[in-house]
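Annotation source TrEMBL lists domain 'Cytochrome oxidase subunit I profile' at B:19-551. Here TrEMBL flags B:46-70, B:90-114, B:171-197, B:209-235, B:327-352, B:364-390, B:402-422, B:434-457, B:663-687, B:693-722, B:734-757, B:769-790 (among others) as transmembrane segment.
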Amino acid sequence: MDSTLGIFNSQNALTDAGQGAAQTLWLTWIMTAAGIAIFVLVMGFIALAWRARGGGRTWWIVGGGVVFPVVALAALFAASTVVLRGIAGHMDAPHVIEVTGKQFWWDVVYDPEGRALRDSNEIVLPLGEPVEIRLKSADVIHSFWVPSIAGKMDMIPGRVNRLTVTATKAGRFRGQCAEFCGLSHPLMAFEVVVLPPGDYAAFLASLDGEARDAVTPTERRGAEIFQSAGCIACHRVRGLSEARIGPDLSRLGARAALGAGMWEMNTGNLAGWIADVGDMKPGAQMPSYNHLSGPDLRALVAWLESLT
Amino acid sequence: MSVAEEPAPCSGARMGEDTTFEAVWDTPKGWRVLSSVSHRVVGRRFIYTGFVFFLIAGVLALLVRTQLIVPGNDFLDLETYNQVFTMHGTLMMFLFAIPILEGFAVYLIPLMLGARDLIFPRLGQFGYYCYLFGGIIVLSSFLFDAAPDGGWFMYVPLSTTDFTPDISADFWLIGITFAEIASVTAAVELITAILCARAPGMSLAKMPIFAWYILITAFMIAIGFPPLIIGSILLEAERLLGLPFFDPLAGGDPLLWQHLFWLFGHPEVYIIFLPAAGMVATMLPTFVGAPLFGYGFAVAAVVSMGFISFGLWAHHMFATGLPILSLSLFSAASTMVAVPTGVQIFCFIATLASGRPRLTTPMLFILGFLAIFVLGGLTGVMLASVPFNWQAHDSYFVVAHLHYVLIGGMVFPLFGAFYYWAPHFSGRMLSERLGRWVFWLMFIGFNTTFLLMHLTGLRGMPRRIATYPEGIGWDRLNMLSSIGSYILAAGVALFVYDVFRSLRRGPLAPRNPWGAATLEWLYPPVTPGFNFHGIPPVHSREPLWDQPELLEREAHEVDGLMHGLRDGRRETLGCDPVTGAPLYILRLPHPTWVPMIAAAGLALMFGATLASVYWLCALGGVIALAAFAVWAWEPSDSGVERDVGMGTTLPVNLVDRRSHTHVGIVGTMLVLMALFASLIFGLLYLWNTQPQIAATMAAPLAVPSGLAGIAGLAVALFGQFTRHFALQGRTGRAALLAQLTAIAALLSGASLGWALLPVDPRATAFGATLWAIAGFVAINLCVVVFWALFNAARKLAGRVGPGQSLPDFNLATFAKGTGLMVIISAAFCLAGTLGGAAQ
């Protein structure tokens, strides 16, 4: 059942597709079990007290209110600290990905101090290898959360936060902004794709160089419209434009979702997006291109879908 | 239960024999009732107004649940949804929970402690109107289509002009800050009343447990609200004046807002919980028929909770990138708060075992509270674990947790309290039969709504999202939660019906209908306006159980101090704060419009700020100041003695640090110091996080900084000497020193301003904060000067009799605190200078 739009494996902290999520899940089960046990005990105690006629005892308060909580909390704190060290401990990640939150999408740069390969709204992780994700914000506070893989971390203007994650299952997961960030906050999700390390290297290599060339006449027409209609002023497509105002579209067609993890990527949704973005995502900076003629829109969509 | 159904014997106290007394305390008739200052009237107004806000916020919650009932719903658009959830949280936290509990405290505390009114009744009226006007300002944003939509937490930079250019954020900041004045004034009022006006013999250890809960809560409000008030003022200054407190490019920090907000926000949770727990601790013994078990443990737990609650705020910020060490410390502190909570729960359990519990409606709500709150506490412990928090934070798990704690910990006890104390409001009982329906609807509806949300959150659903796509695994859970919310709402609706039904058809309440132990049941529940003809000496925590003479006679015949004292004035007993021994006669004000006019002036000032009409704003300020002056302009009655009966003679007023006015000033200083400390916290925080930008600031001037420090020292020292002479009754010298204090205050204010001349408040957040500190200190210095002139004018006008040094004594206490603020501010200016020189 865990498939959004049929394209994601999960967005669920109760799965364990990453080291952080798995260790936290272990802690979650232990705390839940202990919590239920304590709840039942206390309720049972209340039921007994209701029937008891002997009067209260001071040791109940000392035992139930002080001794037992102190012991239980110390144990919990110890377990929690062990998990915390395990999650936040290794900082020597071989990969670095910089993610910048923007109202209401995600700018992604792989290897920011080296090759600086740019993409948007989709983050690819190598299976089983730690990745340091550097979290920034370009406007307001956002929060980066892929529940299936790891806990969340905020993206705060003026700061760089670091989150180290290790994905342990291949697949496509959904992440979402977890800090209220304005009008279209609910429409700010993203895709996380976990690939085997070899495929990951190949993926990075594919981010270098120019985007796929237009082949068919329709695609070529689409590429022309992309430039003449002004899309090029904001969107980067490798080889055509280096603009950084809107998301990078160099491999838009390869993504499974549109509009930052919100809608299935298909011809109808993409055309609808271009024609009426203000309706699909209020507050997005992109104007609606509802003045494009039908054939022009189809050509533009065809070309964008061909960018893989 | 049986007592409730019996017709009430009408007691003579409804038409008591002492007509002079009753005439003096009579509530003004007709529209003049708005000028009433009685705690009975003001407390009820807080409760009724708070309940109206509860209903409005509840409707907003239903809108939220209706929007989320199915995925991809377009019942509300995004903007409306954001406004709705923002206002839901805002109204519930600021305009319902705190005010309604303060309303109960304002109403019950004097009755429980054996006082005829709160000590500063006009402050109560003033606070109520601030709350009402502030609430109206916040709500009116809907009319202007500018309802706040940045969340009840108003995080920056989303709420700055860059991202919220319209005035919706200003509505929030100004309206809520205005309404918060009520919380703070009520806190000072309650602290003073609890410490200074108790029945003879009611030592601290014999106070009803509710008074302990309220005393600690009031201290927490006095210290906990200032960080948010300061934060809101700084943010409004950033929005209006461009001062960059939170702008990282100018050395500010968005996280400073979060620290200030949660420095308030976490204690706030306990501020909401404690009074409600105090209600439980009051009602429970009544229905068990035995005193609260472990009174001492409960008091210790409440006090320690008060302290611990100020050390937990950062657990709302675990995902902001705090260092591991801070995370661990705050995590440990957050788990630790479970200990005093557990102690209280087990005190309640032990009390249950001490007698034969009766399953009345209030008792049902107490049991509901225990079940729900314990579960909420357990999930709270889970959230204190950092790794778990990183998953659960800002997910529906937290939504579930906070509603378990707040609805379980506050709303359920509150509804129990409605059933329990209803006779005090209408003279009639609510229906036990409908009450059971209300309880079960609320209990089942609540758990259906929120138990499932734990799972929804762990399945990855973030908070505050207006819509979600189908098929992620949240659909059915949300549907069920929404259905649950309708059931919960049906329970509340049935309660409202029961209230209106009982007004006409409810059985009349007899005297002490539940067989309670506390003094608020001494009289038949509804009296015209007075509390106690005679204030009975109390030598038990459960006076109505242990002092049979109290219930043997008609209430107005019960023997007590001040019975039959005819001064034609509203008066009550002032006591020693610790022992409760009667010390003096405390004269109270009669109904007046002045506080309302002051609040209206402030409303005009705040409203005009919103509308950017600044001359009107100034006019409002002048009206408020004039009203405050009239308020304070009253004869001082010190030096008169009266026979109060039972062989006791007491003076009117007391020139002593135990005087209620002095305790009130100390309470006010506590609030002012907390405001000042919040600013200093901001300065140190920014200095620590952005030292390189702080270093670019032009340094304050060294010489005037030093001068300000010396002048500040003079203010404090002159204040100390003034106090000394005032206590000795050497009024001439005290007056002279008070003038000197004022002159030193003028000097120190001027030097502080001079020292900061080179500092551009718009250039760096650090400079802006220094100016904010200086501005705050300057306002306090103005008060000192104004006060000194005012005291002198009163003497010239003959309003202060010879030998009456209390006004100068109080001024001096205030001046001492202000002098301390000047010294600290000057030290920071000097530090800035030296830091600049070291570059």
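Counting begins at 1 with the first residue displayed.
For all residues, glycine too, the Cβ spot is worked out from N, Cα and C.
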What parts of the chain pack near the transmembrane segment (B:734-757), using Cβ distances under 8 Å and only residues at least 6 beyond its ends?
700-702, 704-705, 707-708, 711-712, 714-715, 718-719, 721-722, 725-726, 770-771, 774, 777-778, 781-782, 784-785, 787-789, 791-792, 795, 805, 808-809, 811-812, 815, 818-819, 822, 825-826, 829
Among B:434-457, B:663-687, B:693-722, which stretch has the most Cβ pairs under 8 Å to the transmembrane segment (B:171-197)?
B:663-687
Cβ pairs under 8 Å only, please: of the recorded stretches B:90-114, B:327-352, B:364-390, B:693-722, which one is richest in them relative to the transmembrane segment (B:209-235)?
B:90-114
Should anything in the same chain at least six residues away from the transmembrane segment (B:327-352) have a Cβ under 8 Å from its Cβ atoms, list it; otherwise answer none.
277, 280-281, 284-285, 288, 290-295, 297-298, 300-302, 304-305, 308-309, 311-315, 318, 366, 370, 373-374, 377, 380-381, 383-386
Same-chain residues at least 6 beyond the ends of the transmembrane segment (B:769-790) whose Cβ lies under 8 Å from its Cβ atoms
233-234, 237, 243, 245, 629, 632-633, 672, 675-676, 679-680, 682-683, 686, 700, 715, 738-739, 741-742, 745-746, 748-749, 752-753, 756, 759, 761, 811, 814-815, 817-818, 821-822, 825, 828-829, 832
Please figure out which one of B:46-70, B:90-114, B:364-390, B:434-457 racks up the most CB pairs under 8 Å against the transmembrane segment (B:402-422).
B:364-390
Six or more residues beyond either end and a Cβ under 8 Å away: which residues meet both conditions relative to the transmembrane segment (B:46-70)?
76, 81, 84-85, 87-88, 91-92, 95-97, 99-100, 102-104, 106-107, 128, 131-132, 135, 139, 425, 449, 466-468, 475, 478-479, 481-483, 485-486, 489, 492, 496
